[in-house]
Amino acid sequence: MEALGKLKQFDAYPKTLEDFRVKTCGGATVTIVSGLLMLLLFLSELQYYLTTEVHPELYVDKSRGDKLKININVLFPHMPCAYLSIDAMDVAGEQQLDVEHNLFKKRLDKDGFPVSSEAERHELGKVEVKVFDPDSLDPDRCESCYGAEMEDIKCCNSCEDVREAYRRRGWAFKNPDTIEQCRREGFSQKMQEQKNEGCQVYGFLEVNKVAGNFHFAPGKSFQQSHVHVHDLQSFGLDNINMTHYIRHLSFGEDYPGIVNPLDHTNVTAPQASMMFQYFVKVVPTVYMKVDGEVLRTNQFSVTRHEKVANGLMGDQGLPGVFVLYELSPMMVKLTEKHRSFTHFLTGVCAIIGGMFTVAGLIDSLIYHSARAIQKKIDLGKTT
């Protein structure tokens with residue numbers, strides 16, 4: 001018993017008799033308020049614990065032979081779909097001209113609304129649907145190229161064949177109405193119908209995972225002496241307005257928390273025949289979810305440059321929107337992990353202990369202040 005008596009001396013929490021305890025309205029108010037605050041802080045801590053945290057790691061990218069998926073949704077309010085070409089090429093030498101096999105073009109009116117609910121989809125290398133029945137023509141015919149014949153081009157049986165022959169010669173294709181093939185296919189009518197329209201380009205590209213570029217530019221694209229050029233001879237440079245709105249642009253799949261810096265970018269061309277260049281640095285990214293799902297995607301940063309393209313070729317540039325991308329040799333690995341349960345318990349204990357301590361100090365201050373004031377009032381009454 002004597003040992004127990006000595007042990008009691010170490011009690012840091014001495015108890016008072018129930019008869020000596022005083023309950024006040026101020027103490028009740030402090031208890032209720034502190035209890036509510038404690039509950040709110042606990043719920044906040046619980047919500048934080050239930051979320052996952054992401055741990056970033058940096059590695060050398062050792063992947064080889066992969067494809068790079070580029071998601072695109074861009075609006076050109078003053079560039080008709082019939083005038084616009086989309087091309088992609090990489091430093092490996094692979095060039096995909098007029099790439100549309102995974103892209104759609106949707107015609108827009110002058111107010112930005114779709115002309116029709118259906119979008120145009122053109123397969124790469126696929127002949128477009130004509131306004132006449134091609135079966136009505138002799139399949140063995142050999143029509144004129146109107147003076148643009150070459151050794152490898154003897155016959156021009158379509159408007160596109162004539163345009164190609166003219167481009168090979170370097171001639172301007174200015175008056176398609178004088179060419180029977182174009183008049184038969186309604187080429188001028190198609191161009192005139194879309195003259196004051198805009199165009200929405202959306203879909204995705206799949207390119208080699210090496211540095212390269214893709215661009216949106218007016219005129220038909222083609223190769224001339226191993227150089228990529230666009231036929232702008234039938235366009236007036238003063239009529240080319242490359243104002244654009246990038247609704248979405250990303251490289252790969254989205255993951256939680258991703259930021260695509262070009263999303264919702266609206267750029268107004270200050271004058272005609274502008275060349276916009278976006279220099280993009282792509283960082284390969286692997287995102288691992290807590291359930292084991294692995295997303296292989298990319299992040300990117302970007303800078304923009306713009307200038308007036310006064311020429312059709314050469315150093316003066318080409319009117320259009322160009323996205324030039326490079327791939328980083330480093331890869332970012334983002335791993336989702338559950339938060340530590342011990343940290344959660346520590347936080348809850350800190351909340352409870354801290355609130356009890358602060359509430360006790362406030363209650364003591366209120367109680368002793370009220371007693372001091374009451375004593376002064378009582379002394380005033382006796383005198």
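Along the chain as shown, residues are numbered 1 onward.
Yeah, the Cβs are placed from backbone N, Cα and C, and that goes for glycine too.
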Out of ASN241, ASN266, which one does Swiss-Prot list as N-linked glycosylation site?
ASN266
Swiss-Prot annotation (transmembrane segment) - matching range among 26-46, 68-88:
26-46
Select from 1-25, 126-150, 201-225, 301-325 the stretch of residues annotated by Swiss-Prot as region 'Required for MARCHF2-mediated degradation'.
1-25
Would you list the DSSP helix, strand and coil counts for the residues of the topological domain 'Cytoplasmic' (363-383)?
20 helix, 0 strand, 1 coil
Could you give the Cα-Cα distance between SER116 (phosphoserine) and ASN266 (N-linked glycosylation site), in whole Å?
24
Name the secondary structure element type, per DSSP in three states, that contains ASN266 (N-linked glycosylation site).
strand
Cβ-Cβ under 8 Å with the topological domain 'Cytoplasmic' (363-383): same-chain residues at least 6 beyond its ends:
22, 24, 26-27, 30-31
What residues, ordered by sequence, lie under 8 A Cβ-to-Cβ from ASN266 (N-linked glycosylation site) and sit at least six positions away in the same chain?
TYR245, ILE246
